[in-house]
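Enquirer: The domain 'SAM-dependent MTase RsmB/NOP-type' annotation in TrEMBL covers 142-403. Annotation source TrEMBL lists S-adenosyl-L-methionine binding site at Asp256, Asp283, Asp301. Under the heading active site, nucleophile, TrEMBL lists Cys354.
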Amino acid sequence: MRLHRNLVFATVDALLEIFNEGQYADKVIEKTLKRDKRWGARDRSFIAETTYDIVRWKRLYAEIAEVKEPFSRENAFRLFAVWATLRGIALPDWKQIEETPTRRIKGRFDALSKIRKFRESIPDWLDELGVAELGEDIWEKEIGALNKQAPVIIRVNTLKTDIQTLQQKLKDEGFETINLKDYPYALQLVERANIFKTESFQNGLFEVQDASSQLVADFLDVKPGDRVVDTCAGAGGKSLHLAALMENKGQVIALDIYGNKLKELKRRAKRAGAHNIETRVIDNNKAIKKLHGKADKVLIDAPCSGLGVLSRNPDAKWKLEPEFLDRIRKTQQEIIRQYCKIVKKEGKMVYATCSVLPSENQLQVKDFLASEEGKDFKLIEDRKILSSETGYDGFYMALLEKSDSKTSEQV
Ligand SMILES: C[S@@+](CC[C@H](N)C(=O)[O-])C[C@H]1O[C@@H](n2cnc3c(N)ncnc32)[C@H](O)[C@@H]1O
């Protein structure tokens, strides 16, 4: 591989913004890619993938390069030189990287790879937390899997097409996909590509959605005609899937505390032809109270650490903090105790997160079931999805049912 100066310089600039200014990697990359209209698909993918790689391996590379944050421009070039050396890419004689000690880099890599927090490039606290929550063996495998680049997976929009027709259409547009056993709505791209420009996407025939995430709406067991409340709908990945499973019949009420996310949801719903979704911003308690006892099914896709989706969001390793985790666990318990009231008698509720930590998942459900608010609910089934077992995002989902309290009192 020949390194192109302007692409490497753009990557270094992006890294400095992400590491030193605390900006989100996806936003910085999106902005960087707009810098030069002449860049083709390969140039753009070099910048995006190299930046993500160096973000993912920041601790390991910084240790090898012997640089400390905040990084100078010179430091960022050294991180880049480590990345290139470990990939066996011949370094050009640019003054920024001319003195790279190639042999020493390989030696340090071998030595540091013996220690998990360096090998997997994670902060000490996260390594300790992973071991405490999952045990040494599972954590070792899980963090390894979460450090792999995530595949591009799409969900067919059954309101507009079926999976075979979509697969053929994408093939005609130049994109090969494969079916995934046990994921009835999913296709995986054989090669990573930007598929947002395809006619199929513009016409709402699919959404990009990880395979594990595609299991959540199905888990709620919705039927056409149901009244469903998606309490933490965000930009609506799961609301759209719910609407499709309900064949546009019945109602999906999509709630979130952020109006801008719901605006994006509306845009996506229009493209998808999902006509039964109504969005409502939660700006006070009344929004929830009005819905008490009204829904056949409730989805709580709770805000979480996002540790299950590190493979698509590696900078979370550096942005997450233990204090945030403490706060988010409290929020999760408040949300489940408050929003469970929306479920009507004999209705169902799914509590889900994209985390692999029991403290955000099964322990939250356990606490809820032991609480006053949870006393009418019973756990029907839960799924703990590890990335190391499936190759997709880490997820948790619990299906709960509310009893008819009168019947249970009489019994
Ligand atoms: C995991 S994300 C949702 C992703 C979304 N369901 C999807 O499939 O695309 C969690 C969402 O919860 C929202 N949120 C945070 N606190 C909330 C609260 N107290 N009530 C409702 N939503 C909340 C966040 O804004 C965020 O959009």
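Every residue, even glycine, has its Cβ placed from backbone N, Cα and C.
Are these features on the surface or tucked inside, and what are their neighbours?
Expert: Under the DSSP three-state reduction, Asp283 (S-adenosyl-L-methionine binding site) is assigned to coil, being neither helix nor strand.
Of all Cβ atoms in the shown protein chains, 26 besides its own fall within 10 Å of the Cβ of Cys354 (active site, nucleophile).
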Enquirer: How many other Cβ atoms are found within 10 Å of the Cβ atom of Asp283 (S-adenosyl-L-methionine binding site), counting all protein chains shown?
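Expert: Its Cβ shell of radius 10 Å holds 9 other Cβ atoms.
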Enquirer: Can you grab the distance from Asp283 (S-adenosyl-L-methionine binding site) over to Cys354 (active site, nucleophile)? Cα atoms, rounded to a whole Å.
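Expert: Cα of Asp283 (S-adenosyl-L-methionine binding site) to Cα of Cys354 (active site, nucleophile) measures 25 Å after rounding.
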Enquirer: About how far apart, in whole Å, are the alpha carbons (Cα) of Asp256 (S-adenosyl-L-methionine binding site) and Cys354 (active site, nucleophile)?
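Expert: Per the Cα atoms, Asp256 (S-adenosyl-L-methionine binding site) and Cys354 (active site, nucleophile) stand 17 Å apart.
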Enquirer: What residues, ordered by sequence, lie under 8 A Cβ-to-Cβ from Asp301 (S-adenosyl-L-methionine binding site) and sit at least six positions away in the same chain?
Expert: Val216, Asp230, Thr231, Cys232, Ala233, Gly234, Lys238, Ala352, Thr353
